[in-house]
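Here's what TrEMBL has on this protein:
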BINDING   10-15, D35, R40, 91-95, 132-133, E166, 277-280, R347  NAD(+) binding site
BINDING   162-166, 221-225, R261, 268-274, 339-340, R443  substrate binding site
ACT_SITE  C277  active site, nucleophile
DOMAIN    333-448  domain 'UDP-glucose/GDP-mannose dehydrogenase C-terminal'
Amino acid sequence: MKITKICCIGAGYVGGPTMAVIAQKCPQIEVTVVDLNEERIAAWNDENIDNIPIYEPGLGKIVAEGRGRNLFFSTDVEKAIDEAQIIFISVNTPTKTYGKGKGMAADLKYIELCARQIASVAKDNKIVVEKSTLPVRTAEAIKSILDHTGNGVQFQILSNPEFLAEGTAVQDLLNPDRILIGGDPSEEGQKAIQALVGVYSNWVTADKILTTNVWSSELSKLTANAFLAQRISSINAMSELCEKTGADVNEVAKAIGMDSRIGPKFLKASVGFGGSCFQKDILNLVYIAKSYGLNEVADYWEQVIIMNDHQKRRFSNNIVQTLYNTVSDKKICFLGWAFKKDTNDTRESAAIYVADDLINEHAKIAVYDPKVSRKKVLADLDCLETRTVSANAASVVSFDDPYEACANAHAVAVLTEWDEFIQYDWQKIYDAMQKPAFVFDGRNILDGPTLEAIGFVYQGIGS
Ligand code: NAD
Ligand code: UDX
């Protein structure tokens with residue numbers, strides 16, 4: 001089948017960048033990204049490319065190049081569904097906040113809405129692609145909705161999970177480790193797989209395109225995230241032991257990472273992993289395992305989350321303890337609020353939880369993040385519902401200038417590993433701070449001995 005029209009429902013961190021790259025690499029295909037969120041679509045269409053809603057290195061250029069040529073952003077979901085041969089579903093699948101599975105299961109209401117809308121609009125055969133991360137066997141539910149409410153139209157459901165990481169999304173999309181496509185073993189299913197393989201073949205070599213059955217594909221995504229997060233919790237567990245024993249977690253990570261069976265990636269001890277995926281997907285995995293009665297499997301993976309929560313809490317407890325057991329009315333400067341560098345995404349960022357703990361201790365938090373606004377910082381804290389909106393506003397100030405943020409602070413806490421923090425004039429920061437001046441490096445990016453030579457009391461993670 002010759003593919004000339006694709007649509008993607010959901011113009012978020014996955015839908016936007018993924019479709020921009022498909023449009024760039026497949027000039028013969030018209031790609032339309034749709035979303036219910038009018039503000040988000042308006043931002044994607046903003047003439048000033050700096051105003052697109054997602055910050056990712058290199059993304060602005062690709063969007064600017066494709067927009068209006070073969071890349072379109074629109075709120076007209078029905079039209080896009082009607083015209084497309086392939087429909088990607090890339091909507092959010094957050095942890096449920098209500099009912100059965102609250103706090104664990106993935107909330108599939110947005111997925112179901114998409115399926116129903118596709119069923120009601122489609123007038124010809126469609127390939128529906130799960131791009132969102134979904135519980136294993138979700139394709140069954142989507143198929144059932146499509147087959148029972150459709151207009152006699154044939155649907156093929158494929159699973160094509162996305163493995164991009166934020167901050168490196170464009171590079172990950174241009175040079176993926178692999179493309180995974182799961183589909184039905186029937187002849188029609190295999191044809192649908194080949195149609196999607198054809199799209200990716202425009203820039204991905206055949207040896208990197210893996211085809212499987214749908215359930216393997218769905219479960220591989222949850223498994224990949226669980227394994228990656230597990231490595232971080234493992235090294236973070238060791239960081240606590242290092243602090244007690246005089247070992248240095250950076251040295252331990254290097255030593256074990258040189259074992260080719262272990263490898264060096266995802267062994268960076270930190271204040272804890274954040275982001276919209278790891279916690280959500282592991283909780284979902286735990287929920288699925290429990291629902292099959294696999295309690296040992298569930299407990300095993302849940303420990304990754306327990307360890308991560310412990311690491312965040314340990315970081316804030318240590319700040320309080322080190323600052324003579326009280327941070328009341330002390331100014332603590334947060335360098336970084338995003339969950340990792342090179343993104344404006346703050347979902348599940350460790351900074352939110354550390355700030356919440358410190359505000360409970362009556363600290364005053366000053367935040368500097370190169371890509372996160374004050375509005376977003378406050379909204380993140382308000383979402384926790386720990387205290388009133390006005391109490392949060394009274395406890396947190398954001399700055400556009402890092403030196404102003406640090407002035408008069410009792411301590412600086414590094415929450416995100418932005419490269420620019422390493423380049424700062426730390427002597428200047430020291431001079432303007434209260435003494436003794438503390439640095440709590442939640443990312444192990446600063447050079448401890450250099451800071452100590454200036455006069456700081458420096459504490460990294462795991463040393
Ligand atoms: P997001 O919240 O940034 O974007 C989702 C978008 O879908 C929102 O803009 C929302 O308005 C829109 N939407 C929801 N329901 C809709 C509907 N019925 N019609 C039209 N639009 C609708 O989420 P995201 O980070 O892009 O993640 C999307 C999916 O991809 C999730 O399942 C996530 O787990 C998965 N994923 C995310 C990443 C990542 O790095 N963020 C990586 C891999 C996979
Ligand atoms: C993750 C997966 O990497 C990606 O494949 C998937 O598609 C979506 O989820 P993302 O959450 O965007 O991507 O970023 P990632 O680089 O995985 O970082 C997640 C969190 O772990 C960040 O808070 C990061 O700072 C932290 N991290 C990462 C560590 O603390 N130590 C490490 O060694 C690596």
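A Cβ is built for glycine as well, from the same backbone N, Cα and C atoms used for every other residue.
On the 0 to 100 pLDDT scale, the model's mean across the domain 'UDP-glucose/GDP-mannose dehydrogenase C-terminal' (333-448) is 98. In this structure the C-alpha atoms belonging to Y13 (NAD(+) binding site) and F339 (substrate binding site) are separated by 14 Å. Contact annotation for binding-site residues (G10, N92, T95, N225, A269, Q279) versus ligand 1: G10, N92, each with CB under 6 Å from a ligand atom. For ligand 2, the neighbouring binding-site residues among Y13, A165, G272 are A165, by Cβ distance under 6 Å. In terms of C-alpha distance, the listed binding-site residues G10, T95, Q279 place G10 closest to E162 (substrate binding site). Following the DSSP three-state reduction, the secondary structure of G10 (NAD(+) binding site) is coil. A separation of roughly 9 Å, to the nearest angstrom, links the Cα atoms of L222 (substrate binding site) and C277 (active site, nucleophile). Within the set of recorded positions N92, T95, C277, the entry lying nearest in space to F339 (substrate binding site) is C277 (CA atoms). On the backbone, the CA of A165 (substrate binding site) and the CA of the residue listed as 'active site, nucleophile' stand 10 Å apart. Annotation note: F339 (substrate binding site) sits in a coil segment as assigned by DSSP.
Measuring Cα to Cα from C277 (active site, nucleophile), none of the binding-site residues G10, D35, A269 fall within 10 Å. Note: the CA-CA distance between G272 (substrate binding site) and G10 (NAD(+) binding site) rounds to 28 Å. Under the three-state DSSP scheme, L222 (substrate binding site) falls in the helix class.
In space, E166 is the closest of the binding-site residues G10, N92, E166 to N225 (substrate binding site), judged by Cα positions.
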